[in-house]
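A.B. asks: Attaching a single structure in structure tokens format; questions to follow.
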Amino acid sequence: MRESIIMKIHYGTALGAVALVAVHILMRMSQKFSDSLQYQNVIANYHFLPYALMLEVLLILLSVHGFNGLRVILLELKQGSTYEKMINYGSLAAMAILIAYGSRTILMAGMGVS
Amino acid sequence: MAERLSNREGIKGMANPTRYGIERVAYWLQRLTGLGLLAYLIGHIYETSTIVNGKIAWDKMLEFTQTPQGHIFLTLVIGMCVFHTVNGVRVMLGHGGIGVGKPGQPEYPYKAASLNYKQRLCIWVSIALAALAMMYGASVLFGD
């Protein structure tokens, strides 16, 4: 993929994530912060389908943005065909692992598996 | 060749935050806050995964994170997040050609038109907003 397209994805994921992080924080501020972290409240958040879907989208946006940012930093430090391939595939793998792990939590908590 | 190599500073020259003014400081802060936020994201996803192990595991995790040290850490995360966002918007607009000035004939002392007062002001605004958000975040976290 061309770097110009990757940077558009980077900026797009950033803007999307800013909006969704704002909603995520507002959900914590809808009541006393410590109360919002109580087990029953957090489980209720996961059981609320629109919010669970928003968390999934946020997870994907932040993982893509975060690991692409790390990829850019690492490619600025050093260049070379093998190194670049390693960084590109490594970032994709890390992205996929983090999304899979986070999705597992959203799915299990949402379905009441614990 | 030998002279060129002796003048070559490599990564040290690139990393020096004092040499190119506030723009280089912003460049480093953007990268450092990005790395910090990525580390926080990974930690946050791991931390929240304890919910699937039941109430006892969740409460144990809260005992670990809902401490004064945990609140200080979260306040820092808020600051990093706000700086990274606001400065990121500046960089994004700059890539789109907004606020970087018009191209012109280079004249001594070759000051880049893109490093103008608007850009510098945006960097200071990013730092100020991050500080304000940290103060507000700390008041919410410690006021509980």
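Glycine is treated like the rest: Cβ placed from N, Cα and C.
Keep in mind that what you see is a predicted model, and the values were worked out from it rather than measured.
For reference, TrEMBL lists these features for the protein:
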| type | residues | note |
| --- | --- | --- |
| TRANSMEM | A:6-27 | transmembrane segment |
| TRANSMEM | A:48-67 | transmembrane segment |
| TRANSMEM | A:87-107 | transmembrane segment |
A.B. asks: Could you give the residue numbers and ranges of same-chain residues that sit at least 6 residues beyond the transmembrane segment (A:48-67) on either side and whose C-beta is under 8 angstroms from one of its C-beta atoms?
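C.D. replies: Beyond its ends, the transmembrane segment (A:48-67) has Cβ neighbours at 9-10, 13-14, 16-17, 20-21, 23-24, 27, 91-92, 94-95, 98-99, 102-103, 106, 110.
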A.B. asks: Looking only at residues six or more beyond either end of the transmembrane segment (A:6-27), which have a C-beta under 8 A from one in the stretch?
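C.D. replies: Non-local partners: 36, 45, 51, 54-55, 57-58, 61-62, 64-65, 68-69, 72.
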